Amino acid sequence: MAKEKTVYVCSECGGVSPKWQGKCPSCNAWNTLIESVPESTAPTKNRFASLAKTSGVAVLGDIDAVDMARTPTGHDELDRVLGGGMVEGGVVLIGGDPGIGKSTLLLQALDSLQRSGQRTLYVTGEESGAQVALRARRLGLDNSQVSVLAEIGLEKILATLEATRPDVAVIDSIQTVYSEQLTSAPGSVAQVRECAAHLTRYAKASGQSDGDTRGRATSIVLVGHVTKEGALAGPRVLEHMVDTVLYFEGDTHSSFRLVRAIKNRFGAVNEIGVFAMTEKGLKGVSNPSAIFLSQHAEPVPGSCVMVTLEGTRPMLVEIQALVDSGGPSPRRLSVGLDKDRLAMLLAVLHRHAGVACMDQDVFVNAVGGVRISEPAADLAVLLSITSSLRGKPLPKGFFAFGEVGLAGEVRPAPRGQERLKEAAKLGFSVAVVPKANLPKNLKSKDFEGLTIHAVERVEEAMTVVRDLA
Ligand code: TYD
Ligand code: MG
């Protein structure tokens, strides 16, 4: 097949250049030109390539707001992050480190969808059909009726989708798919973007009838690889293109896995699903609140438990810190927590509480490979650091949460009382929390059987903890 002429499009400003250049001639940004198929020569012979069949302007109130038809996948934790199930014609991008369980989860989901009467297609570009079958057997999915296609050519995949019209299709992975229209190698930004765009358009157009009655639209799940920096390989535009973006998180060495929705046009964002990797694949964990605690018989220095609110469920997570004398340029390292935030917290600690870690290495870690992005972790991070610095453990049954500001103030965390209740339920007894998180009319320090020390400033928190130990 003759190669179509390609152009180079700037990913920043959208400017078009006929040849590759280091600098975009339109906006002068560097390294932003990406090989693309020019609009006019894109293969319009395929119905799905021309979504822009305009149906005219309509008044919003006159348009039927049809509820999206959702199909539960049969895996409650996955349905939770998807906002209830697979949406007809919806496109989901699921990213995560290699070996974390993307293929496993999707194969399990496809199998239960197939068993509930949906037509499914699993397109694999990374494994052979035999390998997929072997995995299915390992998962105990005997006699699975999921259709498998081992293919990496976009045109062939689209033709198969058009011919078989599955209800749900998984493309594992988008980085292995390539289009003959582009000269660049599979996995390159241009290829990934172009292939994802075609598949997305297919999903959106697959349910539209044009003459003949067409069945339900195909939902597509794209599996994406994650770069070393933790971003989905390929341009951000991939995330804009799809309806839902899910990220797999977790430590491949521990058995727990989190699936987080970071974008969802059909549901809540920042909802998480919790799974455990077992001999027979991923199993949902419906009550995950205590899985990110390490089991210390007695309290140890440098450990502080916090309550984080992930999606709709509070979870207790242990924050660990190690402060140790460093060399001439001390190191600050954080796993699962924001590194810049750590630097900021250390500065606040020094300025407002007079605790200096300037010549110390500081390492902090959220146990179990969770990633905590909410600032409510601040107080627990600071308390674990000071606990390690002094070599003194926090009391048994202790926890803390609250955001710390640059002025040294302790700000409330959203839905604080829910967090307190969850910790009380799990047997925690002492807490340092932001004053604003307590009920206004609370007279005593006692809430849900917890001894609570409400603080407004960092230095106050430090004094409270010093007196407790
Ligand atoms: P996989 O789904 O292949 O990861 P990805 O597609 O994200 O790269 O995950 C495979 C890992 O999971 C591998 O390390 C083995 C482990 N595993 C189990 O522990 N139990 C199982 O039943 C299966 C199928 C895999
Ligand atoms: Mg895989």
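Keep in mind that glycine also has a Cβ here, set from the backbone N, Cα and C atoms.
Database features (TrEMBL):
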DOMAIN    67-226  domain 'RecA family profile 1'
BINDING   Gly96, Asp97, Pro98, Gly99, Ile100, Gly101, Lys102, Ser103  ATP binding site
MOTIF     263-267  motif 'RadA KNRFG motif'
REGION    361-469  region 'Lon-protease-like'
How about long-range neighbours of the motif 'RadA KNRFG motif' (263-267): same chain, 6 or more residues beyond its ends, C-beta under 8 Å?
68, 70, 81-84, 87, 90, 239, 242-245
Of Gly96, Gly101, Lys102, Ser103, the binding-site residues whose C-beta sits under 6 angstroms from any atom of ligand 2 are Lys102, Ser103
Cβ neighbour count within 10 Å of Ser103 (ATP binding site)
21
Using DSSP, what's the helix, strand and coil tally for the motif 'RadA KNRFG motif' (263-267)?
0 helix, 2 strand, 3 coil
Taking the centre of the Cβ atoms of Gly96, Asp97, Pro98, Gly99, Ile100, Gly101, Lys102, Ser103 as the ATP site, the remaining residues of that chain with Cβ inside 8 Å are Thr104, Phe248, Thr252
Radius 10 Å, atoms counted are CB only; among the binding-site residues Pro98, Gly99, Gly101, which position scores highest?
Gly101
I'd like the number of other C-beta atoms within 10 A of the C-beta of Lys102 (ATP binding site), please.
26
The correct DSSP tally for the region 'Lon-protease-like' (361-469) reads 43 helix, 28 strand, 38 coil
Within the domain 'RecA family profile 1' (67-226), what mean pLDDT does the predicted structure show?
90
Here the binding-site residues are Gly96, Asp97, Ile100; which one has the lowest number of other Cβ atoms no more than 10 Å from its Cβ?
Asp97
For Lys102 (ATP binding site), which of the three DSSP-derived states applies: helix, strand, or coil?
helix
